[in-house]
Amino acid sequence: MKRIKLACLLLVFVQQVVLGTHDVYIVTMEGDPVVNYRGGVEGFPATALDLDEEMDVTSEAVTSYSLHLRRHHDNLLDSLFVEGTYEKLYSYHHLINGFAVHMSSLQAEFLKKAPGVKHVERDMKIQKLTTHTPQFLGLPTGVWPRGGGFDRAGEDVVIGFVDSGIYPQHPSFSSHKTDPYGPVPRYKGKCEMDPVTQRSFCNGKIVGAQHFAKAAIAAGAFNPDIEFASPLDGDGHGSHTAAIAAGNNGIPVRMHGHEFGKASGMAPRARIAVYKVLYRLFGGYVADVVAAIDQAVQDGVDILNLSVGPNSPPTATRTTFLNPFDAALLSAVKAGVFVAQAAGNGGPFPKTLVSFSPWITTVAAGVDDRRYKNHLTLGNGKLLSGLGVSPATHGNESFSLISAADALLGSSATKYSALDCQRPELLNKRKVQGKILLCGYSFNYISGTASIKKVSQTAKKLGAAGFVVAVENSYPGTKFDPVPVSIPGILITDVSKTTDLIDYYNSSTTRDWAGRATVFKATAGIADGLAPTLYNSAPQVALFSSRGPDVKDFSFQDADVLKPDILAPGNLIWAAWAPNGTDESNFAGEGFAMVSGTSMAAPHIAGIAALIKQKNPKWSPSAIKSALMTTATTLDKGSHPLRAQQYTSSEMMTLSRATPFDCGSGAVNPKGALDPGLVLDATHEDYITFLCSIPDVNHSEVSNIAGSSCNSSSKVQRPYDLNIPSITISQLRGTETVKRTVTSVSDESETYSIMTRMPPEIALDVTPPALTVLPGASREITATLTARSVTGTYSFGEITMKGDRGHLVRIPVVAMGFK
């Protein structure tokens with residue numbers, strides 16, 4: 001009776017008010033989603049299964065309970081609000097019990113008070129976190145042969161890509177020149193039809209393709225004239241990440257008549273399932289992403305790659321880890337899905353991560369051993385280094401230089417920023433022809449309205465012998481990448497070298513009384529920059545890669561969780577591109593792109609995780625994550641400690657020794673991850689206990705968002721008691737004892753000797769000093785940390801377990817001493 005009264009009162013009141021501006025809200029409800037439901041609702045049998053069982057999403061139990069939840073969502077909204085004043089966008093029922101709804105803020109306030117409603121949160125935006133690497137990581141010789149060779153690497157493992165879609169015609173995703181792909185019976189995803197060609201987006205290699213845009217449309221961000229209302233990739237980002245993880249092996253990367261090697265995914269035989277949530281103009285919305293994740297897990301993906309993340313830590317909850325996005329991923333992990341997420345591109349500054357939770361594998365971006373360098377030789381003998389993936393000037397000869405400023409057609413051209421060399425009609429072809437065109441680098445390049453590719457097109461149209469783009473002003477945070485071009489060209493990024501170039505040009509150019517150039521005596525030659533140089537000082541943590549420490553709330557207090565988790569290649573990665581992609585103006589219209597970002601690092605881990613899953617199909621996501629982390633290396637190819645690119649006080653780039661806040665446990669080692677010896681496993685209950693142990697956490701929020709209650713009768717836990725392959729204590733007062741349980745995944749028993757390394761500010765002792773672990777058995781180690789001095793900074797160390805059968809297990813340890 002009370003519920004009917006409340007509903008009637010709300011209905012009458014809503015009819016009497018003028019509804020305000022509508023937003024999208026994500027609502028979580030009482031009652032378990034499919035993955036957690038163990039019965040209790042009359043007429044609906046349990047749907048949750050033990051982890052070693054595979055859920056049949058088409059079963060009558062799952063179907064009927066899902067329909068029950070959807071109807072409950074509809075009935076609640078119908079009972080509270082007038083039809084037409086709101087729009088339900090999605091019902092979430094597989095991973096979380098809730099829905100996304102487009103309504104006014106006043107309606108959202110009413111909804112918060114409705115019976116059965118646990119949490120209401122306004123939707124927020126997400127952003128992109130934007131192949132030589134198989135050889136660099138040792139896959140062809142050390143890993144693929146174990147799975148039957150590259151043509152079987154990742155066989156029948158399904159990787160879901162929550163991204164900007166896919167360009168299915170690309171050879172990296174073709175099924176024509178490969179062994180036939182059979183069905184994957186456990187995968188139930190659907191394939192949308194291309195509205196233009198009326199062809200399916202799937203071909204055997206691609207097994208699922210769907211798009212999610214209801215929240216974007218409701219928010220008014222979706223422009224159907226620009227965006228594709230289909231899984232087609234109009235951005236390029238999604239095709240690139242899918243190819244890195246699971247693209248076909250041996251695809252020639254050709255551009256401007258030159259082959260830059262052959263591209264391959266980490267798991268070239270893995271299947272691709274596409275869940276498009278990102279769009280050209282605005283990125284995406286969490287409500288669409290949660291719907292995509294819910295659908296992907298329901299469809300039966302094995303791995304999820306998320307090269308996307310929120311713009312900042314969530315503000316609606318007290319702790320970072322409690323939000324619909326991370327809660328959906330927690331349920332995905334419970335369902336057996338491994339999740340790789342990009343760390344973010346906010347580096348090198350601390351606390352810039354956009355991936356927070358311990359059940360997610362957060363991936364930092366590394367610079368691999370391949371660098372594209374080039375140089376310009378001036379007529380006075382000076383060599384100016386720069387970036388330019390281009391052929392050399394004809395015959396390796398020198399040509400006269402002409403500045404764009406001296407080639408302008410009329411003074412009115414200055415209003416068009418003609419010095420950027422973006423518009424050939426503004427420059428005098430007769431003057432430029434046969435010379436090297438000297439262009440300026442302005443903020444237009446950073447904003448995306450100017451590109452090196454357009455300079456190349458301008459120079460080519462004017463008949464120039466080549467071009468130089470010179471950076472005269474330092475723009476903090478600017479990331480300069482080499483761009484492949486069809487004519488000789490180079491970007492000079494060092495301001496001091498630009499000064500040398502301009503001084504030489506001015507001193508060698510004769511001008512009349514009005515300052516007009518009449519004789520051009522400055523000459524230069526551009527070297528061949530098509531071949532990369534290989535370095536042993538790799539990998540390094542890329543400058544842009546987001547750094548820890550992890551944060552536990554919106555006030556950016558440090559969390560007792562190590563993030564990022566691992567480092568993978570993410571700088572200058574060649575992979576497939578959508579010819580209509582708009583994400584990188586320098587690769588517009590191309591079939592391949594060389595792109596940088598933690599977006600590129602995450603699919604390396606997703607693909608390698610697929611190889612581990614193929615070999616060990618029963619391993620949990622946390623076991624796969626442990627195998628990746630405990631076998632990661634902290635040394636570069638030259639056997640020196642990993643280094644991280646940083647800024648000096650004068651904003652110049654420098655290198656410093658990498659810490660776990662830069663690279664997590666270290667650089668991924670695929671061969672080691674396939675045979676880790678020991679793993680540290682964690683269950684769904686362990687993650688719930690972790691959430692409940694966070695200081696000042698609201699236990700009702702844990703229940704409302706994560707869907708599981710805190711057990712007050714259990715012993716008091718601390719966040720750093722979670723059984724993950726790292727130990728992080730943000731406030732170490734006195735002495736703390738931490739336990740970790742290791743489980744053997746070897747076929748033979750092995751005896752491990754245990755060693756520790758820690759700076760003198762923190763004492764670290766581990767017992768026992770040695771232990772023997774039988775196949776399949778588990779043993780416990782105890783680490784005791786004591787603060788010896790208070791420095792106000794973190795100390796970094798590690799626990800190393802060396803087995804007598806060759807396994808090496810590393811657990812990074814991070815702590816800051818407090819009084």
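Including glycine, each Cβ sits where the backbone N, Cα and C put it.
Sequence annotations record features per position, and here TrEMBL assigns active site, charge relay system to Asp163 (among others). Asp163 (active site, charge relay system) counts 28 other C-beta atoms within 10 Å of its own C-beta, drawing on all protein chains shown.
Per TrEMBL, active site, charge relay system is recorded for His237 (among others).
Marked as active site, charge relay system by TrEMBL: Ser599 (among others).
Per-class residue totals from DSSP over the domain 'Inhibitor I9' (24-126), listed helix then strand then coil: 29 helix, 27 strand, 47 coil. The domain 'Inhibitor I9' annotation in TrEMBL covers 24-126.
According to TrEMBL, the domain 'Peptidase S8/S53' annotation covers 154-643.
Across all of the domain 'PA' (413-493), the predicted model scores a mean pLDDT of 85. Annotation comment: TrEMBL describes 413-493 as domain 'PA'.
The domain 'Subtilisin-like protease fibronectin type-III' feature in TrEMBL is assigned to 721-814.
Residues or ranges marked as signal peptide by TrEMBL: 1-20.
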Length of the line joining the Cα atoms of Asp163 (active site, charge relay system) and His237 (active site, charge relay system), in Å: 7
Pairwise CA distance, His237 (active site, charge relay system) versus Ser599 (active site, charge relay system), rounded so that it is a whole Å: 8
Helix, strand and coil totals (DSSP H, G, I; E, B; other) for the domain 'Subtilisin-like protease fibronectin type-III' (721-814): 1 helix, 61 strand, 32 coil
